[in-house]
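Q: Could you have a look at this structure, given as structure tokens, before my questions?
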């Protein structure tokens, strides 16, 4: 099992770890209208799925803003940001920060994303939140890029991700 750190704590990641080449599972998440939606989207060249612990964190907000900016530049790519925040909180934060060009989804109801993508934080002060991670899926829903950020306080490798999307 993979591990990540936050300050002095080390977390075991729970759930089924996906590898590059695996078919990505389609899971139910909750949107800003409290409606259940499927993660996987049809008819897009690439799908970037970005998970983070909480949009209230400064690094998490930077990550969401970065992907919002990229979403405006790459119309053939679908961007989703997923956290365990309640959809109401997600909406308030994104509205205040001008984040509007990507899908903001919550895994709070079923934890299905965290468990099926292997990014649910295990025992510790952040238990039950999502590890900072990025998955890129191709048009068939196959994982072609995966990054789990080892230190939760750091941002993903945006340059490596953008190379995959070119």
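Backbone N, Cα and C define each Cβ position, glycine as well.
For reference, Swiss-Prot lists these features for the protein:
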- 18-166: domain 'Thioredoxin' (DOMAIN)
- 60: active site, cysteine sulfenic acid (-SOH) intermediate (ACT_SITE)
- 60-94: disulfide bond (DISULFID)
Q: Whole-number Å distance between the CA of residue 94 (disulfide bond) and the CA of residue 60 (active site, cysteine sulfenic acid (-SOH) intermediate)?
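A: Rounded to the nearest whole number, the Cα-Cα distance is 12 Å.
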Q: Rank the recorded positions 60, 94 by the number of other Cβ atoms within 10 Å of each Cβ, and give the residue at the low end.
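A: Comparing Cβ neighbour counts within 10 Å for the recorded positions 60, 94 gives 94.
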Q: What is the three-state DSSP composition of the domain 'Thioredoxin' (18-166), stated as helix, strand and coil residue counts?
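A: Looking at the domain 'Thioredoxin' (18-166) with DSSP, the answer is 41 helix, 40 strand, 68 coil.
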